[in-house]
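Accompanying notes for the structure given below.
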């Protein structure tokens, strides 16, 4: 019986990539910089796995004898968004980045969208989601015009107050936008951003929904599903892969619920993969430049790790990584172009060591494909032989 849990800590990077300067991300290091600002991180369980052996993190001692294999992965695809990162983890490397709109969307797109939904829109610029509802929320409530905005990522976001545009209607607008945004304007994600509250006290509700492009070729998820493995998505995995390759999904409103869903998914798993995204690190703390919140979220996850590890039998795998960085200590409120940590744990490891710096996130997808013994056409280089060395102790 082959089983694996793959957990993506959304936005939890571990140092700038060599090309970070192209993205204005020099100096970004989500984990290390957060630790410096808060006076050190207390993450004993990830510490035991070798987190500080990847790069020394204030507050987390290096382990002489870590319980996991450890390393870091570089992103080969251009970009630094969740879709690009998750697709690359699952074995797809993008040759060109998804389109971005630093000056807002072209007039022809906005006019076509307005015609299709029968309403004017407001905004049409890059913005922080919390800031733009502060700025335009009251006007939106008076007019009923949805707020369209983007970010440094390839996203077309639509914000609407739940009392003005019901959530189901907002989702319908997103489906219209998704159908329109193809070809040269094929953004990675259209995102519904419902909010509530009153002027001066607006807040985003948990009913966000992503409408992603489907992957352009089969991913690890598809190959596993085709071979009758369970592929269970937890969190926004279903959204990021447009539902492709999954046998079932669990959604959640926060990391606490997401961690609980790992246990629910495990009860359902016969043989196969649980693919988890925990988004609070990114959504609540990275984008809002809140290193204290990031610290609390990391501690909550770390506290849950022993129970997650306790699920595993001898040759099961638990893998912890990220999809990009989102350094809460920099002036930017956007994602950062960073290496991501790689921690690989199995209860039966007799020896552990460094996996080094992987050239692409796809090494992880390729490794899991080989672990599950499925023929595939994925990018990347498998390191299953290293995992097997850990089991053999050789």
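Each residue, glycine too, has its Cβ placed from N, Cα and C.
The Cβ of residue 324 (Mn(2+) 1 binding site) lies under 8 Å from the Cβ of 11, 13, 75, 80, 81, 82, 84, 85, 335, 336, 337, 338, 340, each on the same chain and at least six residues away in sequence. Residues or ranges marked as Mn(2+) 1 binding site by Swiss-Prot: 10, 323, 324.
Annotated Mn(2+) 2 binding site per Swiss-Prot: 282, 287, 335, in sequence order, evidence recorded as sequence analysis. Counting Cβ atoms from all protein chains shown, residue 335 (Mn(2+) 2 binding site) has 30 others lying within 10 Å of its own Cβ.
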Report task. Based on Cβ atoms within 10 Å, give me the single least packed residue among the binding-site residues 10, 282, 323. Result -> 10
Report task. Look up residue 282 (Mn(2+) 2 binding site) in the DSSP assignment and reduce it to helix, strand or coil. Result -> helix
Query raised in the report: In the same chain, outside 282, 287, 335, whose C-beta lies within 8 angstroms of the Cβ mean position for the Mn(2+) 2 site?
Result: 10, 11, 283, 286, 324, 326, 333, 334
Query - Rounded Cα-Cα span from residue 287 (Mn(2+) 2 binding site) to residue 323 (Mn(2+) 1 binding site), Å - result: 15
